[in-house]
Structure formats: structure tokens, C-alpha cells
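Engineer: Sharing the feature lines straight out of Swiss-Prot:
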type: TOPO_DOM; residues: 1-6; note: topological domain 'Cytoplasmic'
type: TOPO_DOM; residues: 28-116; note: topological domain 'Periplasmic'
type: TOPO_DOM; residues: 138-153; note: topological domain 'Cytoplasmic'
type: TRANSMEM; residues: 7-27; note: transmembrane segment
type: TRANSMEM; residues: 117-137; note: transmembrane segment
Amino acid sequence: MSQDSKVFFRIFLGIGLVLILISVVVFYNQFTYSKDAIHTEGVIVDTVWHSSHSHRTGKDGSWYPVVAFRPTPDYTLIFNSSIGSDFYEDSEGDKVNVYYSPGHPEKAEINNPWVNFFKWGFIGIMGVIFIAVGLLISMPSSKKSRRKRKSRP
């Protein structure tokens, strides 16, 4: 393995391990938050279009659901979701899972497994890719290793 290959391998391995570590920490924090949170059912009562660029018109944006749920039987709380998607465009009346920290229903979020996976999964996948690229860089090519073996007495 050449000196350059060793340096690149170490850089890619280091970045990959850091990304995997971040992924594990995000997963653990999300798992413990979800485990300790209060889970309930909410209803999408409205959707709001937010454009990603205020000066443009057209399709650059997403639909954000407005969700109503009952933290107590006599109190209905309504919140705007921070997660938007075209999926929510015609979703008024749909039921969604909602979760929030005990004592803080005003900080409720939609419990979407795909969004939750994306928070830690994307970072972890990038870490695995960095490690794989580092391993590929560090592997000697078959032609180089054959030449070295033939040239040795």
C-alpha cells in the first residue's frame, strides 16, 4: 500500500467512523425520547403550502400539516408540523400518530417512522459509504500486486 493510499484510507475511515458514531448518538437520543414520550392520535385539520423560495412561484415547496390532538380529554391542541411533503397535500381528516414529552404537549411532533429513520439512517449510510471507499482505495489493484510478485527474486 502506498503512502498516499494509507493517508486516504485513514481519512475516509475516520470520517466514516465519525458519521457512524453521530448516527448512533442520534438514534439513541431519538429512541430514548420516543420511549419516554406520550404517544397519542391526532387528526390533520389543514395543510399549509410553504414555498422554499418566497420570490418564486411554482412547485418549489411542500405541504405542511396542521394537526389537532387531545393531550387531555377536555383540551384540544393544534400545532403546525415542522415536516412537510407533497404527500400531505390532500390529507385533511387523516389520522396521524403524535408524540410529545410529558408535560410539554405544545412541543408535539408527528411520529413518522420514515422521517425518524432519515434522521439517523442517512448519516449512518454515509458513514458506511465512506468506510467502503476507504477500503477500496487501500486495496492494491491486482495488476500492481502481480507485478510486485513477479519482480521479486
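Every residue, even glycine, has its Cβ placed from backbone N, Cα and C.
Where in this structure would I find these features, and how exposed are they?
Structural biologist: Tertiary proximity for the topological domain 'Cytoplasmic' (1-6) is limited to same-chain residues at least six positions away from its ends with a CB under 8 Å from its CB atoms, namely 137-138, 140.
Tertiary proximity for the transmembrane segment (7-27) is limited to same-chain residues at least six positions away from its ends with a CB under 8 Å from its CB atoms, namely 1, 119-121, 123-124, 126-135, 137-138.
Residues 5, 8-13, 15-24, 26-27, 30 of the same chain lie 6+ residues outside the transmembrane segment (117-137) yet bring a C-beta within less than 8 angstroms of a C-beta in it.
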Engineer: To what whole number does the mean pLDDT across the topological domain 'Cytoplasmic' (138-153) round?
Structural biologist: 61
